[in-house]
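All remarks here apply to the structure that follows.
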Amino acid sequence: MIIETPSKVILFGEHAVVYGYRAISMAIDLTSTIEIKETQEDEIILNLNDLNKSLGLNLNEIKNINPNNFGDFKYCLCAIKNTLDYLNIEPKTGFKINISSKIPISCGLGSSASITIGTIKAVSGFYNKELKDDEIAKLGYMVEKEIQGKASITDTSTITYKGILEIKNNKFRKIKGEFEEFLKNCKFLIVYAEKRKKKTAELVNEVAKIENKDEIFKEIDKVIDEALKIKNKEDFGKLMTKNHELLKKLNISTPKLDRIVDIGNRFGFGAKLTGAGGGGCVIILVNEEKEKELLKELNKEDVRIFNCRMMN
C-alpha cells in the first residue's frame, strides 16, 4: 500500500493566528510518500529513503517506546504507536515502512505533519481499518503535541482535509466554492530561500514584544476579507504582497526573503514569505507569461525552487 500526503502553505495570516485572528492555509502537491508492506520477520522496519537511514524494532517493543528518543524517526514511530493504541491492535506480523519526501524540512511547509498523517493512514489501511478524516487529524495533532510539547491544528488539519482551510482559535472551516475553484487554477512557486535562523517559538516571542502588533493583525485580517472575494490573479497577488509588507512590520522577514519577494512581484503576480519567517520559504503566484524571466532571476540567487498547485 502506498499513501501520498500533501504539504501546506500559509497564504495569509501567519502570526496573527496566534492572537485569535484568522489564517488561510492551503494543501499543496509537494508530497511525501509512505509505502507499507508486510514482512516475514517479527519486526517493524522503518526506512527514511531521503536520509538513507533505517531502524528496526521488535514487534513487542513498539508499545513501550518513547518516540522522542529516536531522532529522525520520532514522528513516524509516534504515529505508528498511537495508531496501534487507538485501534487497540497488538501487531502479530512484521511490516516495513518506506518514507520518501519532496518537502524541504524546517521551513514551515509541514513536512513532519505530512509524514505523520501519511503514516497514520498507512498503518490503519494495513490493518483494513478505515479512519474518518476527523480521527486522522486528531491522531496527527496528538502526535505533534507529544513530540513538540504543544501544537497547532494548522498543519495536520490542512494535510488531512486538503484544499483551503480558514484557521481560527485552533479550529477550522474548509473553504469551498468560487475561492477554491479560483485557487485550483493558480500556479505557485515555493522558493526555499535560506535556512531559518530562529525557531518558531523565538519568532513568536519577538512578535509578542511589538507594541502595535494588534493594529498590524487587524490589517492582515482585512487583507483576508478582500482575498476571499477576489477572482483574478493580479489582485490576489497584490494582496499577497500587502500581507508580506505587514509581516515586515513584525520584523520577521530577512533581506534575502525580501529580495525573493521583490523578484516575485516584478516577474509574477505577487509574493510573500510563508510560515514563521526568519528565513525559510517565499510563495510566488506565477504569471505564466513571465515565468521564464521569473525562473531566470530566481536562478541567480542561491535558492531551491518547487512548482506547486493546490492539492484537493
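Glycine is no exception: its Cβ is also placed from the backbone N, Cα and C atoms.
The Cβ of S112 (ATP binding site) has Y75, I105, E144, I147, D155 as same-chain neighbours under 8 Å, each 6 or more residues away in sequence. Annotation comment: Swiss-Prot describes P104, I105, S106, C107, G108, L109, G110, S111, S112, A113, S114 as ATP binding site, evidence class sequence analysis.
According to Swiss-Prot, the feature active site, proton acceptor maps to D155. Around the Cβ of D155 (active site, proton acceptor), a 10 Å sphere holds 25 further Cβ atoms from the protein chains shown.
Fewest other C-beta atoms within 10 angstroms, among the binding-site residues S106, S114, are seen around S106.
Candidate binding-site residues: P104, G108, G110. Fewest other C-beta atoms within 10 angstroms, P104.
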